[in-house]
Amino acid sequence: MFKELLKKCLRGESLSAEEAEKIMNDIMNGKVPAAQIASVLTILTYRGETVDEIVGFVRGMKNNMNAISLEELNVVDTCGTGGDGASTFNISTASAIVASAAGVKVAKHGNRAVSSKSGSADVLEHLDIWIQGNEKEVKNAVADLNMSFLFAPLYHPAMKHVAATRKELGFRTVFNALGPLANPTNCTKQVIGVYSIELARKLAEALVVLGANHVLLVAGRDGLDEISATDVTDVVEVQGNVITEYTLAPEDVHLQRGKLEDLVVEDAKSSAELIESLFLNKSNVTAKNAVVLNSAAAIYVSGNVSTFEEGVAVALETIESGAAYTQLQRLKSKKVVEHAQ
């Protein structure tokens with residue numbers, strides 16, 4: 001079956017959602033040789049994935065993940081496709097902490113660095129924040145601390161079947177886009193950083209089919225897969241089955257536009273140091289504004305505020321009042337979660 005679908009791709013034809021789901025199921029179950037996986041990933045990257053293919057691939061990944069039920073907690077995820085090559089500090093991770101300090105329930109999905117200098121798991125280790133290892137720990141952390149970190153390999157063990165091939169290929173594949181759409185909690189409220197507006201549009205259409213509630217897909221024109229504090233950001237907003245596209249600049253919400261170099265770090269350790277100084281109100285303004293903008297997005301999609309600008313005000317207050325730093329200290333304490341068990 002896989003070979004027939006591969007031949008279909010070679011003929012330049014696209015796959016239906018059902019066919020894409022079948023391909024992903026076979027890949028996730030270790031039924032496909034590495035050479036054939038490489039072939040289909042290369043073909044799809046060259047011609048671009050269709051919305052139906054993305055929908056099917058996401059369903060296939062979800063069929064094979066270790067899911068966690070957090071529907072009653074109404075969680076939000078802040079996750080990016082990664083690979084922007086900008087070597088910035090972990091903006092989405094810092095933003096998740098701020099949003100959780102502001103009362104948003106966050107289930108942050110992430111991994112170690114692949115092409116970047118610091119993955120979300122790497123910086124959390126340097127911040128001494130405990131990474132939960134099972135469903136009970138995750139539920140307790142979200143309920144008691146408003147935040148849990150979902151380390152992707154624990155919930156997507158079947159990805160081991162493509163890890164070596166992805167590394168050998170050395171370029172972005174559909175899996176970069178699929179990761180943020182396959183949160184183990186099946187959350188429907190997200191902020192997803194992507195590397196291009198074209199991809200954002202495709203993912204938005206796929207998210208409508210997959211049942212998203214409220215999602216912001218963001219692509220900074222400076223190349224960041226975040227809401228940019230240094231340039232204009234293209235935004236594709238999904239609310240139910242309604243898709244809206246617009247741009248956002250820092251000055252639109254009364255924030256100063258900064259320089260990209262103010263966001264660059266050497267490694268996970270320096271990323272953690274910048275985040276800690278930011279929460280102590282000692283960082284540069286650009287770093288602070290980057291976190292404010294992305295925190296505001298998470299607060300907005302959570303439904304805790306009605307507009308993005310209201311989210312900015314809440315994020316600013318959360319950082320400047322010291323609430324974000326207090327939350328950081330709470331997240332560092334394993335005893336809070338362990339006691340809840």
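Note that Cβ sites are derived from N, Cα and C of the backbone, with glycine treated the same way.
Per Swiss-Prot, the features are as follows:
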type	residues	note
BINDING	Gly80, Asn111	anthranilate 1 binding site
BINDING	Gly80, 83-84, Thr88, 90-93, 108-116, Ser120	5-phospho-alpha-D-ribose 1-diphosphate binding site
BINDING	Ser92, Glu226	Mg(2+) 1 binding site
BINDING	Arg166	anthranilate 2 binding site
BINDING	Asp225, Glu226	Mg(2+) 2 binding site
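Annotated features, which come from Swiss-Prot, shown on the structure.
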residue: Gly80; record: anthranilate 1 binding site; Cβ contacts under 8 Å, 6 or more apart: Ser92, Pro180, Ile192, Gly193, Val194, Asp225, Glu226
residue: Thr88; record: 5-phospho-alpha-D-ribose 1-diphosphate binding site; Cβ contacts under 8 Å, 6 or more apart: Leu224, Glu226, Leu260, Leu263, Val264, Val265, Ala290
residue: His109; record: 5-phospho-alpha-D-ribose 1-diphosphate binding site; Cβ contacts under 8 Å, 6 or more apart: Asp77, Cys79, Leu150, Ala152, Gly179, Pro180, Ala182, Asn183, Pro184
residue: Arg166; record: anthranilate 2 binding site; Cβ contacts under 8 Å, 6 or more apart: Leu41, Thr173, Phe175
Review point. Three-state secondary structure of Asp225 (Mg(2+) 2 binding site) from DSSP?
Key: coil
Exercise for review: Work out the three-state DSSP category of the residue listed as 'anthranilate 2 binding site'.
Suggested key: helix
Revision key, fill the gap. All chains considered, the count of other Cβ atoms within 10 Å of the Cβ of Ser92 (5-phospho-alpha-D-ribose 1-diphosphate binding site) is 27
Point to revise | Where Ser92 (5-phospho-alpha-D-ribose 1-diphosphate binding site) sits in the secondary structure, as DSSP reduces it to three classes | key: helix
Review point. Within 10 Å of the Cβ of Glu226 (Mg(2+) 1 binding site), how many other Cβ atoms can be counted across all chains shown?
Key: 29
